[in-house]
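Feature annotation from TrEMBL assigns domain 'V-ATPase proteolipid subunit C-like' to A:9-71. Residues or ranges marked as transmembrane segment by TrEMBL: A:12-30, A:50-73. Under the heading site 'Reversibly protonated during proton transport', TrEMBL lists A:Glu58.
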Amino acid sequence: MDLEAAKMIGAGLAAIGAGMAALGVGNVFGSFLESALRNPGAADGQQGRLFIGFAAAELLGLLAFVVAMIILFV
Amino acid sequence: MAVAGETAKVDPMYQFTVKPLLGENLDIAGYNIAFTNSALWMLITAVVLWVFMIGGMKRELVPGRWQMTVETFTGFIDDMLEANVGKAGRKYVPYIFSLFMFILLANLLGLMPLGIFGVHPFTFTSHFTVTGIFAIISFAIVLIVGFAKHGLHFFSLFVPSGTPLPMVFVIAPIEFISFLFRPFSLGLRLFVAMMAGHVLLEVLSSFVIDGWNAGAGFGLLVGVPSFLLMVAICALEILVAGIQAYVFALLSSLYINDAENLH
């Protein structure tokens with residue numbers, strides 16, 4: 001296998017991380033909705049924490065994208 | 001993709017090229033300071049934000065629609081700082097508000113479909129040089145406020161209260177590293193989210209173009225679904241533009257909270 005093909009496979013494997021981050025982000029919003037429907041009164045006060053959790057989960061997926069870009073273009 | 005060699009191949013990274021518009025040969029101390037398309041769109045964003053604010057700062061007793069819009073945004077940032085920092089957060093409203101509105105307008109202006117008029121919008125938030133500077137400014141405010149307010153006591157930020165003594169030697173380095181990673185993650189999140197969205201739109205549009213170039217069969221099979229997906233992704237990108245601006249402002253205010261009230 002030459003280097004170019006190995007790079008492409010590596011970038012493709014790095015994209016798995018983006019899918020994993022999708023699970024994480026879905027889990028954040030899913031859990032929020034689940035508990036927000038149980039207690040709608042408390043939901044508005046937790047929106048800041050919701051987006052902090054979203055940002056933390058999303059960052060790891062974006063890091064996977066950065067790894068793929070570095071493999072492909074750097 | 002067999003025809004891609006013959007027809008013009010779409011390069012998804014070309015849209016991020018920084019091109020000089022004025023003064024290509026202007027050098028200061030070995031650095032080129034040409035007026036680029038990136039600078040042009042920063043200027044446009046600043047002017048749009050300026051017009052938006054001037055139009056809404058009439059201080060009428062019964063606010064009109066425009067003033068109502070501006071007050072919604074300022075009230076939103078004010079509430080966010082009040083909730084996250086407390087009373088001391090009021091003095092950061094101008095900074096966080098400027099940051100939020102500038103990033104939000106930059107993201108939205110970069111998504112404008114001006115290409116049909118021959119003007120190609122440049123999303124300067126998709127460059128790490130720009131978002132990195134935003135993040136460094138936020139981080140510098142945290143450091144300056146933290147050390148000015150608490151002095152060397154600011155280092156107790158790395159030891160959460162109630163930590164047993166043996167654990168301090170483990171937790172303090174981890175907290176320190178996570179603290180140093182903050183400006184990096186703050187800038188990286190915005191730049192990658194914007195870049196990924198624009199690359200995705202470009203790749204989908206290349207599917208539409210290459211699909212129809214390959215014949216009506218490919219056009220109907222690949223081009224039409226790609227086009228519908230592209231429209232949906234555009235809507236998602238508008239949402240992402242708002243969320244990323246909000247997350248940047250929210251995390252900045254959280255970091256400022258650490259500096260204002262040591263936990």
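Start at 1 and count along the chain as shown; that gives each residue its number.
Note that Cβ sites are derived from N, Cα and C of the backbone, with glycine treated the same way.
When Cβ-Cβ distances below 8 Å are used as the criterion, the transmembrane segment (A:50-73) is approached by residues 7-8, 10-12, 14-18, 20-22, 24-25, 27-29, 32 of the same chain, each at least six residues removed from its ends. Within the domain 'V-ATPase proteolipid subunit C-like' (A:9-71), the DSSP-based counts of helix, strand and coil residues read 62 helix, 0 strand, 1 coil.
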